[in-house]
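Novice: Got a structure for you, written out below as structure tokens; questions coming shortly.
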Amino acid sequence: MGASSANKHLHPFWPRDLVIPSYVANDRSMSEVLVFLFSVSGVFLIVTWVITRISGKLGTWRRLAVCWFAVCGFIHSVIEGWFSLYYDILPGDQSFLSQLWKEYSKGDSRYIIADNFTVCMETVTAFLWGPFSFWAIYSFLATKSYRFVLQLIISLGQLYGAVLYFFTEHRDGYIHSEFGHPIYFWFYFIFMNFLWIIIPLVLIVDAWRQLSAAQTYIDTSETQKTKRK
């Protein structure tokens, strides 16, 4: 009985009585995982910034928005895509991206236990909002007429997923992390996910204004045509 009880705690996740028999501890450090995540995201951001500058079609604000979609495309398609495909072997897998998810799970153990909501949400995010983010980049660089429609759809999807992500954990009483921990709770769980509430909200308002202005122009043109007749 004592050995069984001890086995429950041979992991860094919360709640502490979680039983994860297949868990293998990371051999990569936190710094290695975070440096990879932020350096690759930074490369996507810088390359996209340079490309948008070369195109010469976009202002500074719009270029930043396109850079955001580049980072989203990488994180959604690659990082979250990995989770959606390999969530069932995650606890014992030592592939680099699996170790990244095991590190993140210290802030939200729903990932290490393949919580049903988390798997479904991440699968939708990976296979819809990932490709759509890259599509959005193309649409802005090519000045496609549907670019703000894409921006609105992606941002609404991201916002909805992030709200559900926080709200479901709130209803669970924040039991899947060490509540108040400066890194695992405030940085991993709160900050890294809150970005997908704040930035999509700004982009939703932006898309709303752009699409409303376009519709106003069309309505005005139609009214003028009717008056001429």
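Just so it is clear, glycine is given a Cβ too, placed from its N, Cα and C backbone atoms.
Bear in mind that TrEMBL entries carry predicted annotations, made automatically and left uncurated.
According to TrEMBL, the protein carries these features:
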- 61-204: domain 'EXPERA' (DOMAIN)
- 33-52: transmembrane segment (TRANSMEM)
- 64-87: transmembrane segment (TRANSMEM)
- 124-141: transmembrane segment (TRANSMEM)
- 148-168: transmembrane segment (TRANSMEM)
- 183-205: transmembrane segment (TRANSMEM)
Novice: Residues sitting near the transmembrane segment (124-141): Cβ under 8 Å, six or more positions beyond its termini, same chain?
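Specialist: Distal contacts: 48, 51-52, 55, 57-58, 62, 65-66, 69-70, 72-73, 76-78, 80-81, 83-84, 147, 150-151, 153-154, 157-158, 161.
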Novice: Using a Cβ cut-off under 8 Å, which residues of the same chain at least 6 positions beyond either end of the transmembrane segment (183-205) come close to it?
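Specialist: Sequence-distant neighbours of the transmembrane segment (183-205): 30, 65, 68, 104, 106-108, 151-152, 154-156, 158-159, 161-163, 165-166, 169, 174, 177.
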Novice: State the non-local partners of the transmembrane segment (64-87) in its own chain: residues 6+ outside its ends, Cβ under 8 Å from one of its Cβ atoms.
Specialist: 37, 40-41, 44-45, 47-49, 52, 58, 93, 95, 97-98, 100-101, 111, 114, 119, 122-123, 125-127, 129-131, 133-134, 136-137, 140-141, 151, 154, 158, 199, 203, 206
